[in-house]
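The annotation coiled coil is assigned in Swiss-Prot to 5-42, 181-205. The feature compositional bias 'Acidic residues' is assigned by Swiss-Prot to 144-153. If you look up Swiss-Prot, you'll see 264-276 marked as compositional bias 'Polar residues'. What Swiss-Prot lists as compositional bias 'Basic residues' is 295-315. The N-acetylalanine feature in Swiss-Prot is assigned to Ala2. Residues or ranges marked as phosphoserine in Swiss-Prot: Ser121, Ser142, Ser143, Ser204, Ser214. If you look up Swiss-Prot, you'll see 41-174 marked as region 'Necessary for interaction with EIF4E', on the strength of similarity to another entry. Annotation source Swiss-Prot lists region 'Disordered' at 123-174, 252-315.
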Amino acid sequence: MAAPEVLESDLPNAVALLKNLQEQVMAVTAQVQTLTKKVQAKAYPTEKGLSLLEVKDQLLLMYLMDLSHLILDKASGGSLQGHPAVLRLVEIRTVLEKLRPLDQKLKYQIDKLVKTAVTGSLSENDPLRFKPHPSNMMSKLSSEDEEEDEAEEGQSGASGKKSGKGTAKKYVPPRLVPVHYDETEAEREKKRLERAKRRALSSSVIRELKEQYSDAPEEIRDARHPHVTRQSQEDQHRINYEESMMVRLSVSKREKGRRKRANVMSSQLHSLTHFSDISALTGGTPHLDEDQNPTKKRKKIPKKGRKKKGFRRRR
């Protein structure tokens, strides 16, 4: 397609964009003029503002000025190579990107201050209402005891030392500070699905499918689990000790149970019919298997009315 045809096809879109831009510029200009008049009339006190917001306003204003200058030169047919406005735009954009972490940290405080300035009071669910008040740490009983001690000291006049009951102690802030929990149910569900997807991607089913359809050479390893190696070392140490000291060591019930569990973990027969949950990858709802959520055995509690069986004494 020739260049004149391209210009003719883009001309209606360019005219529509210019009209829209002109309308937006007029609306923004009217709003800025209204705010300027109110600020000059001291309707909005700006003496105690945030310097970060002021810096952002100045940077955005400079960015718009350089961008307008760049658009003007481009519309006039000038070259943008080595243009000083391009370097300034890159610098301002970099500074604005670096300010994003500060915006995220101050977002909650700024929103709270704006809401307080509009409504004139804090909301009932504001987390700052739950902060510790040092005045509430003073007990009324201690203040009454202090007054009684001072009255007794005034009457007796024996010594000018105060009693240790009413002495003011240094306030120690609590270690657990109340934090505002703003996580929604949708975000919690999203995190749960992400964990299920990671678990499904690392399952043995997906790993075997990758090995089956992969063109890479198959790698065969002969390794032992860490708990099996540790158990073998302990058994060998026990055997060496028994042979050297000529003593048979007793094995507790806990040790027997631990060995039994280790043997079950090392065997591969229990996992022949076990398949991991990959419903998170297929669009289904992930569920907990019996291995992930085992049922706890109930402890047998003896009844109070029963008596222990004992040996009968022979006569």
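Each Cβ is built from the backbone N, Cα and C atoms, and glycine gets one as well.
Since the structure is predicted, the reported quantities are computational estimates derived from the model, not experimental observations.
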Task: Pairwise Cα distance for Ser214 (phosphoserine)/Ser121 (phosphoserine) [Å, integer] - done: 64
TODO: Round to the nearest Å and give the CA-to-CA distance linking Ser204 (phosphoserine) with Ser121 (phosphoserine).
DONE: 57
Task: Confidence summary (mean pLDDT) of the coiled coil (5-42) - done: 84
- [ ] Any same-chain residues 6+ apart from Ser121 (phosphoserine) with CB under 8 Å of its CB? Would you list them in sequence order, or say none?
- [x] none
